[in-house]
Amino acid sequence: MINSLLTRVFGSRNERQLRQLNRLVTQINALEPTIEKLSDAELQAKTPEFKQRLAAGESLDKILPEAFAVCREASRRVLGMRHYDVQLIGGMVLHLGKIAEMRTGEGKTLVATLPVYLNALEGQGVHVVTVNDYLARRDAAQMGKLYNWLGLSVGVVYPGMPHSDKHAAYAADITYGTNNEFGFDYLRDNMALSRADRYQRKLHYAIVDEVDSILIDEARTPLIISGPADESPELYIRVNRIVPQLTKQESEEGEGDYWIDEKGKQVHLSEAGMGHAEELLLQAGILENADDGLYAAQNLSVVHHLNAALRAHAIYQRDVDYIVRDGEVVIVDEFTGRTLSGRRWSDGLHQAVEAKEGVPVQRENQTLASITFQNLFRMYKKLSGMTGTADTEAYEFQSIYGLEVVVIPTNRPTVRKDHPDQVFLNRKGKFNAVLADIEDCAKRGQPVLVGTTSIETSEMLSEHLRKAGVKHEVLNAKQHEREATIVANAGQPGAVTIATNMAGRGTDIVLGGSLEAEYHALGEDATEEARFKIKTDWQRRHDAVKAAGGLHIIGTERHESRRIDNQLRGRAGRQGDPGSSRFYLSLEDNLMRIFASDWVQKAMRMMGMKEDDVIEDRLVSRQIEKAQRKVEAHNFDIRKNLLDFDDVNNDQRKVIYAQRDDLLDAESVKDNVDGIRGDVIYDLVARFVPPNSVDEQWDLQGLEATLESELGMPLALRELAKTQEELDAEQIAAKVQTAVDAHFAEKEAAVGADTMRALEKHVMLTVLDQGWKEHLAKMDYLRQGIYLRGYAQKQPKQEYKKEAFELFSEMLENVKREVINLLARVRIRSEEEVAELEEQERRQAEARLLASQFQHQDAGGYGADEEVEQMQGGNAPVPVSQVTRDEPKVGRNDPCPCGSGKKYKHCHGQLS
């Protein structure tokens, strides 16, 4: 009550910030008459002037009003677009390292030019991050004219571009690209074998377009560079033949072999199903010994394959979660409806789907480098973002990224009408109403955009409209090449466009069609008369569409996130245009079926509703929003949980990448090698001759054998002990150290100091990279099963931190030992041989990168929900870890060895 009273008196925090920024807008507007009088040359001279002032110690905030005024005037002259006052406010919010929520059509692309220009003056690079390559290239081309005119360089990065072009793009003042490409290049840079092979400078300032899509929706999707592992894919094909013989249960307690947890995207075998699966696997020869059973340690790989195959068949649907194109399974983004070429699900899921669809099964991949978008973007010195829908996720932006959301007012009032949801008994009744609404709009000349949640639904609607003779366009993952053309025409009178989720996001739907696209089609040589005719025709269409009610949005299903629904609605009513929206739902929709309260469904059935009967009530809409909030909270927990775990990896990643940077920058690593050699020899001797020990405790024979096998150095320590009666452990350690130092000195004298320095650097880099790659594989295995510790009354996160630290320490010790072993044994005759070694390694590294893949880790799938429930004390189903162990068989009714007190079949012996 007190809070609401204070808000009424002083205004909300958002309103107070806007008032404060409006004072700067007044300053910028006051400068406009002076700036307008400058000649082109004088205006362009402002850029070097600003740079000099910054070099002299002035701050960006100090020059902001004048720099914004210069950028606005330059935009008016070069692009023919002048920034509105609200766009100036948006630019200031971005400069301050916050998120600007701006409605669709408010000119976010133009807004970004203000903070981009200002921050690029520092000369440390500005990254403008977009959701796809098309938008990156489009914005770089359009806005690049402005930046180039002002004396700043612009680059754009995209997959597969030549190395020299990418180096130039990152060296530019302003670089456009996708979140994937920036992240992928960051990982590639940290696999480079020389400083010259790296692209990026230090991550200085980034503006993320559609920031909610990248930092929220894709936060559960780590960037992974992976290469093929050694395991054959044959087992996926054999297990795939088993799964269709298992039967689905209608409920958890019903008859059958497995039941589906749709909320958690998991499949669980029943008791009967476990026995049936064992029987089928034995018949197929996949399990060799009937006495061992499915749960023996040596069969854990089969459990992993069976779990993946069950999920592939029972949960993942063709034309919903993926499409099959050119003999490959291509993932469809659940948020945008776009295909994610090159991405693959992890944990064997992608191979299981390939086996299900009968396409070639590719090998499982081994992680070479990995980072989440959360940790990637938190590395920027300053981060900001813009989107049309951020306020519903304001808490997550603040808690994860430290980014405040500021809602920017629209330039003109929004007049879109958002009608209440219409709820039907089943999908048939719902789609009948959708088709009737579409046909009505088409007859009245009102353009309509229909949002669907899957390719399957979009094609089903398309087929019905085709039969009804309604002309329409379909925009989904299968038509992505025509995306820009379809969106450009979506505002034509009577146009019907069916789009999966937010495909086409980033391009405005203009009432009457895109005038800019028509001008572009005319070409630069078009006469004024031709341009005038096109403008007149467009104005007539524009007015007709406005009179018909503007763009009408139809949602065929509510998304799990309110934000995605708001994005769809936001396509209508841009810049004060008229528009309307309505969602059509049924009790058979996923959200209603899984998450909505049971009373909604019971009430509708008790009222005796028929197929085409409809409920249109604000109370129902509120219940649906309540269900969405539950899902959003659940998904936030998953993302937060992922971040908590990845923060452990991130700390280790920073250490390794910092060491690589030091190695790449160093002229010589001799001091490093000398220090490592001392540590390795001390530890080696201590294993066989413990410090402060007596000779009866020594194992000189074992020490001699190890020195020869690992370092290639025969050393007669037993003879030495016979001839020197007063020899102690410290003297032996000193003798070994002296001998090893002499061995290295001889090697250096033979090949020359320069050759030895080059060899040391090459070996250290190669061994560190190999050790890190193997460590990542161990961390993956640890991560997959760590939450099982919760059943033994242990904190999984604390256990993960402890064991991850132990693994990391072990890896560093192994790297040290391997570096010294290799340097001691390698035989090099000339510097040319070292150069050839480095070149060979570089070629192999490039080949690995070419063969590597950008992998889509479905963190919301295998184990993610169970981890969250386990952290919160829930009783989650337990997947089996993939780590193989040679242990005696445990009976299914025996107590579980983990110490939980449960039977083995209900604990670590349960299949999820």
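Yeah, the Cβs are placed from backbone N, Cα and C, and that goes for glycine too.
Listed by Swiss-Prot as binding ATP are Gly105, Glu106, Gly107, Lys108, Thr109, Asp508; the candidate from Gln87, Gln492, Gln539 that the record includes in that site is Gln87. The highest number of surrounding Cβ atoms within 10 Å, among the binding-site residues Gly105, Gly107, is found at Gly105. Close to Gln87 (ATP binding site) in the fold, though at least 6 residues off in sequence, lie Glu106, Gly107, Leu110, Val111, Leu114, Asn411, each with a CB less than 8 Å from its CB. Same-chain residues with CB within 8 A of the center of the Gln87, Gly105, Glu106, Gly107, Lys108, Thr109, Asp508 CB atoms, the ATP site residues themselves not counted, are Met102, Thr104, Leu110, Val111.
For Thr109 (ATP binding site), the count of additional Cβ atoms within 10 Å of its Cβ stands at 18 [all protein chains shown]. Around the Cβ of Lys108 (ATP binding site), 23 further Cβ atoms fall within 10 Å across all displayed protein chains. Annotation: Glu106 carries the greatest number of neighbouring Cβ atoms among the binding-site residues Glu106, Asp508 [cut-off 10 Å, Cβ to Cβ]. Mapped onto three states, the DSSP output places Thr109 (ATP binding site) in helix. DSSP assigns Asp508 (ATP binding site) to coil in the three-state reduction, placing it in neither a helix nor a strand.
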